[in-house]
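The following features are taken from TrEMBL:
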{"type": "ACT_SITE", "residues": "159", "note": "active site, proton donor"}
{"type": "BINDING", "residues": "279, 289, 323, 337, 341", "note": "CTP binding site"}
{"type": "DOMAIN", "residues": "7-181", "note": "domain 'Flavoprotein'"}
{"type": "DOMAIN", "residues": "186-391", "note": "domain 'DNA/pantothenate metabolism flavoprotein C-terminal'"}
{"type": "REGION", "residues": "1-190", "note": "region 'Phosphopantothenoylcysteine decarboxylase'"}
{"type": "REGION", "residues": "191-397", "note": "region 'Phosphopantothenate--cysteine ligase'"}
Ligand SMILES: Cc1cc2nc3c(=O)[nH]c(=O)nc-3n(C[C@H](O)[C@H](O)[C@H](O)COP(=O)(O)O)c2cc1C
């Protein structure tokens with residue numbers, strides 16, 4: 001297999017006990033025919049010597065920011081320009097923190113700061129260190145900058161603790177890097193996806209919401225990420241697992257979803273509005289629980305802002321895909337939605353059938369655009385997501 005031919009990958013080896021696995025990572029990337037150079041941090045050099053990495057990578061191992069041999073002494077710029085990807089594996093807590101705050105006090109952090117290359121981070125550390133708020137916060141900062149985190153594995157650690165924090169397997173690390181380079185028309189595209197349901201408070205106890213689970217949207221997130229897109233996921237109430245490779249932003253109600261979409265929409269190539277946003281919210285949310293005095297209660301609802309319609313009105317609008325959950329006059333309602341909101345694609349979702357659609361693992365939808373009216377047969381949400389994006393790519397990219 002040689003699908004990373006001509007790809008230049010820098011492996012940053014930092015100070016984790018699992019640095020002994022770095023030569024194997026170099027090997028596995030070479031199996032894909034990648035050209036590999038290694039930067040060894042001061043901490044990394046405590047665990048592995050440059051000699052073994054040098055022999056295996058068949059390149060000089062770099063460790064010194066102040067390098068007499070570099071052209072004009074600027075080794076960090078030379079390496080930053082050389083790299084198509086920088087993979088930090090193992091990534092120590094210290095190196096992750098340095099990079100998250102933009103430090104440039106050693107060769108590796110300076111190269112990362114000076115490079116536009118894809119950044120992969122494979123953390124390896126004690127589970128308490130990995131779970132700490134500080135480390136998780138720093139990883140979130142890096143995910144926001146579209147770094148790709150290669151999740152550590154779980155199991156017995158060298159320190160005796162059992163849990164998450166072991167460096168991912170070298171073959172899995174190499175595969176995840178490789179997958180990012182399988183070029184599709186979505187590779188490098190910025191995609192903003194909303195998903196899940198919103199929760200509109202009536203009082204501190206009660207709320208208006210709906211049955212959306214977020215599963216359909218999450219499969220779109222997963223498929224976009226697998227295709228190399230840079231995904232921002234704005235999610236409400238969901239019963240599914242987030243993808244750690246997207247920039248995930250949590251909201252509760254429709255107004256918050258509107259605000260977060262508008263905060264993040266600039267420079268997005270594609271907007272997929274899959275969230276089931278409540279059309280209405282209570283006019284006067286009560287601060288105290290409404291007492292049950294056995295009399296009828298009239299609740300005044302006001303319409304929420306229409307996120308999809310407002311994104312479609314933007315001067316520099318992304319390509320917009322909306323979802324229409326309908327129970328009757330489905331095609332007519334969906335076509336109206338396509339026209340009235342001014343969006344490019346509507347995915348019509350028949351939610352009158354309890355066997356698929358809301359809160360299930362399967363779906364059956366219709367892809368509607370100006371030129372297309374294509375039914376996607378009932379299947380798993382994963383397969384439906386792939387089909388939706390396949391048709392979308394053919395029509396728009
Ligand atoms: C025996 C030993 C094992 C260590 N293992 C790890 C580890 O697995 N992960 C980690 O983040 N730090 C670990 N550390 C701490 C780092 O090596 C230390 O923070 C160092 O400054 C990291 O330097 P660097 O990020 O520049 O490579 C270890 C320290 C010692 C003494």
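Each Cβ is built from the backbone N, Cα and C atoms, and glycine gets one as well.
This view paints the features noted in TrEMBL onto the structure.
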residue : record                    : Cβ contacts under 8 Å, 6 or more apart
159     : active site, proton donor : 126
279     : CTP binding site          : 303, 304
289     : CTP binding site          : 203, 204, 205
323     : CTP binding site          : 216, 273, 274, 276, 346, 347, 349
337     : CTP binding site          : 322, 324, 343, 346
341     : CTP binding site          : 306, 308, 309, 312, 320, 322
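The CTP-binding residues named in the record, 279, 289, 323, 337, 341, extend over a maximum Cα to Cα distance of 37 Å. DSSP classifies the residue listed as 'active site, proton donor' as coil under the three-state reduction.
When secondary structure is read from DSSP and collapsed to three states, residue 341 (CTP binding site) falls in the helix class.
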